[in-house]
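In TrEMBL this protein carries:
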type     : residues                                      : note
ACT_SITE : B:Cys187                                      : active site, glycyl thioester intermediate
ACT_SITE : B:Cys409                                      : active site, cysteine persulfide intermediate
BINDING  : B:Gly40, B:Asp61, B:Lys85, B:Asp129, B:Asn130 : ATP binding site
BINDING  : B:Cys170, B:Cys173, B:Cys245, B:Cys248        : Zn(2+) binding site
COMPBIAS : B:313-355                                     : compositional bias 'Low complexity'
DOMAIN   : B:357-448                                     : domain 'Rhodanese'
REGION   : B:313-358                                     : region 'Disordered'
Amino acid sequence: MVSLELRFSGGMELLFGGTKAVTVDVPLKAGAATMRDLLPWMRDHLLKERPELFMDGDSVRPGILVLINDADWELEGDLEYALKASDEIVFISTLHGG
Amino acid sequence: MSLSNEEIERYGRQMILPNIGRPGQLAIKQASVLVVGTGGLGAPVAMYLACAGIGTLGLVDHDTVAVSNIHRQVIHTEDSVGVPKTTSARKALEKANSHVRYVEHNLLLDASNALATLRPYDVIVDCTDNVPTRYLLNDACVLLGKPLVSGSALRFDGQLTVYHYRNGPCYRCLFPTPPPPETVTNCDDGGVLGPVTGMLGSLQALEVLKMVALGESAFAGRMLLVDGLAGAFRTVKLRGRQKECAVCGDAPTIKELVDYVQFCGARPDDKTKPVKMIPANERITVRDLHARLNAVPTTTAAASATAAADSTTKAASISSSATTDGTTTAANSTTVTNVPTTSSAAAPAATSTADRSPSPVVLLDVRAPVQFGIAHLPNSINVPWRDLPSRLDEVRALAPNGTSLVVLCRRGNDSQRAVAKLREEGIECVDVIGGLEAWSADVDPEFPRY
């Protein structure tokens, strides 16, 4: 189990039943499991509607920014980032309105 | 270049800041800034930059002022409704600071005119409302070597960053692929609160002033995320410029502007476009609906209303709890038959789906409850289209054989999705072309638009 803090904003929360933040114990191994494992787990266990608006292939769909502990996940290896206990992972839908 | 005594007096409060001083004010006076979009973000950006004494302020917009803009686009006023936004904004700005040179660009930016429009300016401010224009501005700024101060807002949320500045990423570094159009929500559909755009626009103006006067920004390679509802502000570190970026990378493949409408599969505005998802014979016009509602024989109406006292009361109470003044005219001019619960009441009319079918009409309004609460047709029943899959039995009970189930929404898009879903489940129904906006335009002008 690895305990993670997941946050959703910019409209992403609407796909997750309106939840903006949730602490979850994910049945994955800390240090070994990666974001590549977390995304399908979230899709299967947390997502409330329309999986195509969350994932595209094995990653998030275009227009979603992922942050790991307040940094762009690209800086952390994106899909290959190894999850640690208490990581905070944020999923943000980019906004275009003005 | 120098500063007059009048200018020193006018700008004194910002000039006495140690970081600004006389050199900073002169830099501001020498600067030229282009504000693209004079809406919710552009209004405060333009006003603060003008009042701060920017030398040349360009304003780009192709739209005219609508009354539904003013709650957030605070540079525009009631007497500007129908006036080009660039003109309305310039007039307001001139009243605030006549020292600034204002340039109106009353046009829709596209690949053919963007480089020429942006070229004379030092800093570009993205206050637009749509994806294609955001990619267009990004690519034009990279090709011209200009920084792009980008803000966006929706609902209670906002985002701010500065692209292509101090080795930070460009928009394409972060988002090489545009989002699928169906995932993009505009302010028309999602809603937005004025202070949210006001806050983000004010922050954009602040970054421009720092870039111009100090040559720095807090948001190159960083993004501010604002959750106005939670009162939460968070700044995150972004990736740097990407070597493999198609436009700002080491070996760019984009060397001139492209077709952004095609690239994004979306139009360069924030208007919701009508879709055609279902065949014409599954759709009726608002005039058809009006005629059908009037054609229902009163006896049938009375009979079913009596027979269905329980459900009528329920439907009526849903209506009356939220009905606004605007719906009363519709109530007077139409005879809406309420939901019959027994087939006997409707039996004489239960023959066909022909146009002139006198069968009692059941109105199913599939908008979100908050929109239903703003205004709705009398006796219409609200089941949001997203909830239909879990509420099919309820819908079946609403419209037994012998009734005509008519599905409507705000514009006639979601109602088609609903009809497609319901027909898949064997529930006969039609949708109303153009929805309640068309009802307001063609049948009952008293029905409010929002």
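Here the Cβ of each residue, glycine as well, is placed from N, Cα and C on the backbone.
TrEMBL does not curate its annotations; it predicts them automatically.
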With an 8 Å cut-off on Cβ-Cβ distance and a minimum sequence separation of at least 6, pull the same-chain contacts of B:Cys170 (Zn(2+) binding site), or say none.
B:Asn138, B:Cys141, B:Val142, B:Leu148, B:Tyr163, B:His164, B:Arg241, B:Cys245, B:Val247, B:Cys248
Inter-residue Cα distance where the pair is B:Cys173 (Zn(2+) binding site) and B:Lys85 (ATP binding site), in Å:
32
So around the Zn(2+) site, B:Cys170, B:Cys173, B:Cys245, B:Cys248 aside, which residues have their CB within 8 A of the centroid of those CB atoms?
B:Asn138, B:Val142, B:Tyr163, B:His164, B:Pro169, B:Tyr171, B:Arg172, B:Leu174, B:Arg241, B:Gln242, B:Ala246, B:Val247, B:Gly249
Recorded positions near chain A, Cβ-Cβ under 8 Å, from B:Gly40, B:Asp129, B:Asn130, B:Cys187, B:Cys245:
B:Gly40, B:Asp129, B:Asn130, B:Cys187
What number of additional C-beta atoms lies within 10 angstroms of the C-beta atom of B:Asp61 (ATP binding site)?
26
Using a 10 Å cut-off on Cβ-Cβ distances across all protein chains shown, tell me which of the recorded positions (B:Cys187, B:Cys245, B:Cys409) has the largest neighbour count.
B:Cys409
Among all protein chains shown, how many Cβ atoms are found within 10 Å of the Cβ of B:Asp129 (ATP binding site), not counting that one?
28
For B:Gly40 (ATP binding site), identify the closest of the recorded positions B:Cys173, B:Cys187, B:Cys409, judging by Cα separation.
B:Cys187
Can you tell me how far the Cα of B:Asp61 (ATP binding site) sits from the Cα of B:Cys173 (Zn(2+) binding site), in Å?
26
Out of the recorded positions B:Cys173, B:Cys187, B:Cys409, give me the one sitting nearest to B:Asn130 (ATP binding site) by CA distance.
B:Cys187
Nearest to B:Cys187 (active site, glycyl thioester intermediate) by Cα, among B:Asp129, B:Cys173, B:Cys409 (recorded positions)?
B:Asp129
Cα separation, B:Cys173 (Zn(2+) binding site) to B:Cys409 (active site, cysteine persulfide intermediate) (Å, whole number):
39
What is the three-state DSSP composition of the domain 'Rhodanese' (B:357-448), stated as helix, strand and coil residue counts?
38 helix, 15 strand, 39 coil
Looking at ATP and its recorded binding residues B:Gly40, B:Asp61, B:Lys85, B:Asp129, B:Asn130, figure out the farthest C-alpha pair and report it in angstrom, whole number.
17
Chain-internal residues near B:Cys173 (Zn(2+) binding site), provided their CB is under 8 angstroms and they sit 6+ positions away:
B:Arg239, B:Gly240, B:Arg241, B:Gln242, B:Cys245, B:Cys248, B:Gly249
